[in-house]
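Engineer: Reproduced below are the annotations present in Swiss-Prot:
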- 157: active site, proton acceptor (ACT_SITE)
- 56, 58, 76, 92, 117: S-adenosyl-L-methionine binding site (BINDING)
- 354-395: coiled coil (COILED)
- 445-482: coiled coil (COILED)
- 379-390: compositional bias 'Basic and acidic residues' (COMPBIAS)
- 438-459: compositional bias 'Acidic residues' (COMPBIAS)
- 460-483: compositional bias 'Basic and acidic residues' (COMPBIAS)
- 493-515: compositional bias 'Acidic residues' (COMPBIAS)
- 549-564: compositional bias 'Acidic residues' (COMPBIAS)
- 565-582: compositional bias 'Basic and acidic residues' (COMPBIAS)
- 592-602: compositional bias 'Acidic residues' (COMPBIAS)
- 367-416: region 'Disordered' (REGION)
- 430-534: region 'Disordered' (REGION)
- 549-613: region 'Disordered' (REGION)
């Protein structure tokens with residue numbers, strides 16, 4: 001009988017023979033070829049570093065696939081025979097000498113790809129071999145972080161073991177994409193897999209713990225047991241089959257009950273041990289015997305102590321209460337209030353306050369109140385002066401040619417002010433009407449009273465009308481959704497930003513004298529176009545960041561008012577977000593345009609040069625046609641904007657009246673037949689479009705079809721490049737794949753043939769019927785109806 005030679009556990013397979021035929025130094029070359037076909041990183045690389053490269057098969061593949069004039073460096077502990085276009089040297093990748101040699105060869109270049117296919121000398125023990133290989137991978141990763149370019153690729157071989165997941169976690173911190181794969185040329189019996197890391201993040205600093213094997217592969221300590229959960233929630237306890245504890249193989253723990261009484265952590269004992277024992281030791285224990293004879297130690301307590309693992313929350317609580325009672329009897333518990341029980345209570349006698357002292361305190365309180373009032377008024381006056389000085393510096397004085405010179409600096413009317421009347425104490429006199437008595441006839445008084453009554457009646461009727469109209473509007477909104485949408489649009493358009501509101505909150509009194517000093521600012525020279533340093537500091541506050549430059553708001557005095565209220569600052573936060581961009585744009589603008597009109601409208605053009613205008617009404621279409629044909633000019637349209645309805649006074653009018661008037665109080669624009677037809681055609685085209693869901697469904701269908709075709713194309717390319725298959729097998733496999741992509745024929749419907757006339761009692765296929773068919777008759781129809789009727793009755 002012939003002796004069958006063993007080929008090293010199947011090492012001499014087809015990849016071994018192909019490597020011999022192709023001239024590769026090892027069968028591992030096909031692993032890199034298959035990885036490159038899947039990820040395509042060699043063609044994009046100009047600098048490659050191969051760690052643990054002996055005998056050099058990966059360097060051979062890299063020299064074939066990479067562009068010419070590429071730099072390929074291979075390093076290993078074992079010597080590597082020379083390879084064309086490859087720089088090789090012998091060194092240990094964990095030493096500083098290897099780093100210096102690589103740096104010398106690369107000079108100022110960075111590696112686009114780093115390969116690592118190394119493994120330690122195996123054969124001692126699988127656990128030790130796996131850890132050594134994981135440690136070697138981490139060392140190669142450390143070397144790759146020094147020489148890899150940002151966005152580079154790192155390919156390494158890893159053994160599947162308990163250290164695989166920590167390695168993968170480290171890779172994911174340093175790379176954007178991490179994938180583990182096993183190429184077909186890798187033997188199935190081998191525990192090796194290849195991890196392809198793409199998109200190196202290139203951080204400026206890497207924590208040394210990331211690349212320290214002691215830290216990365218450290219075993220996590222078990223967390224402390226949660227004894228409270230075992231005691232107070234025993235029904236929620238889940239079994240964890242983690243084996244036995246070290247040195248404890250019986251899983252039964254017993255402890256004397258005296259230790260449970262004396263311990264400071266009874267919950268830990270109840271959660272850890274199985275039994276609290278009352279049994280006496282050979283020498284005897286007096287405390288244990290006393291515990292057993294106590295009145296509190298009932299049979300229920302003894303039964304609960306026999307097996308702690310089967311107890312519930314109620315039994316655990318009774319054991320804890322029993323422990324407290326026993327500790328009180330033995331004197332182990334000291335009550336908190338016991339030490340202070342014998343001490344006499346100190347009673348503080350409060351002497352009655354003297355009458356003179358009470359008067360002095362009242363006077364002092366009134367003086368402080370008056371002082372605070374004066375401080376508040378002084379602060380307001382200083383603030384008003386400071387605002388006036390800033391207005392003068394910014395040339396924002398009130399124009400004298402429109403009759404507003406009588407207004408005060410704060411915008412108050414100087415001719416009459418209620419504040420001044422209140423300060424003089426004459427408000428009550430004016431309100432009472434006793435300033436001047438005028439004789440009047442009794443008839444005039446009667447007439448005035450009648451007028452007052454009629455005015456009250458009119459106000460009441462107006463209020464009733466308003467309330468009835470509101471109820472009518474609410475009923476319309478409940479019935480019609482279009483009315484609700486119209487009201488929502490109206491409310492949204494009516495919203496306006498009211499600016500900053502004054503606040504009555506008082507500031508701290510520590511800034512009493514600061515207001516007057518801050519108000520003294522040197523006046524700016526008349527020719528200077530910039531603010532003074534004080535005003536610039538004032539307008540650098542956060543509250544003015546969203547209001548633009550000073551030149552843009554010269555005519556808007558109210559927009560410059562500084563407010564001290566926190567709520568107003570929150571309202572202005574929406575404007576503050578846009579302030580940096582606007583300030584940056586204005587800083588880059590040339591000085592020639594600083595005096596331009598701030599109200600100049602923005603250019604409505606898009607980036608492609610087309611106007612951002614959509615004509616949706618027949619009136620607008622007719623107007624556009626007139627402008628396009630030259631019948632009307634822009635000045636004519638501006639003139640048409642001034643009509644009898646432009647300045648219609650609507651102040652004080654009720655809402656129901658305005659809603660009715662707005663239907664008719666507007667100019668009637670002429671509409672041409674061509675404009676109406678154009679708008680109708682436009683709406684027809686819009687309505688002809690499918691709805692959004694249908695368009696999305698069609699888009700998804702097209703996208704999935706394209707994805708399937710791309711997938712089939714890649715599979716067919718892989719089959720075409722497979723050297724192990726013959727041409728016939730390749731063509732059959734590709735044809736089979738492409739047949740799946742062909743659109744399936746619609747399912748043929750079953751044709752119903754009524755069994756009457758020539759088809760009554762027929763046994764075969766009816767004449768003239770092709771495809772699937774089913775013969776039906778009136779009896780079958782009645783039976784189906786009866787079945788449906790019975791099923792409905794059962795419900």
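Cβ atoms here come from the backbone N, Cα and C positions, even for glycine.
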Engineer: Three-state secondary structure of residue 58 (S-adenosyl-L-methionine binding site) from DSSP?
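Structural biologist: In the DSSP reduction, residue 58 (S-adenosyl-L-methionine binding site) maps to helix.
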Engineer: I'm checking region-level scores; what's the whole-number mean pLDDT for the coiled coil (354-395)?
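Structural biologist: Across the residues of the coiled coil (354-395) the model's pLDDT averages 85 on the 0 to 100 scale.
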Engineer: DSSP says what for the compositional bias 'Basic and acidic residues' (460-483): how many helix, strand, coil residues?
Structural biologist: 23 helix, 0 strand, 1 coil
Engineer: Which residue among the binding-site residues 76, 92, 117 has the fewest other Cβ atoms within 10 Å of its Cβ, if you could check?
Structural biologist: 92
Engineer: Under a three-state reading of DSSP, tell me whether the residue listed as 'active site, proton acceptor' is helix, strand or coil.
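Structural biologist: The three-state answer is strand.
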Engineer: Whole-number Å only: compute the distance from the Cα of residue 157 (active site, proton acceptor) to the Cα of residue 56 (S-adenosyl-L-methionine binding site).
Structural biologist: 16
Engineer: Taking 10 A as the limit, how many CB atoms besides its own sit near the CB of residue 157 (active site, proton acceptor)?
Structural biologist: 22
Engineer: Per DSSP, how many helix, strand and coil residues does the compositional bias 'Basic and acidic residues' (379-390) have?
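Structural biologist: Helix (H, G, I), strand (E, B), coil: 12 helix, 0 strand, 0 coil.
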Engineer: Widest Cα span across the S-adenosyl-L-methionine binders 56, 58, 76, 92, 117, in Å?
Structural biologist: 18
Engineer: What residues, ordered by sequence, lie under 8 A Cβ-to-Cβ from residue 58 (S-adenosyl-L-methionine binding site) and sit at least six positions away in the same chain?
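Structural biologist: Result: 28, 29, 32, 50, 74, 115, 117.
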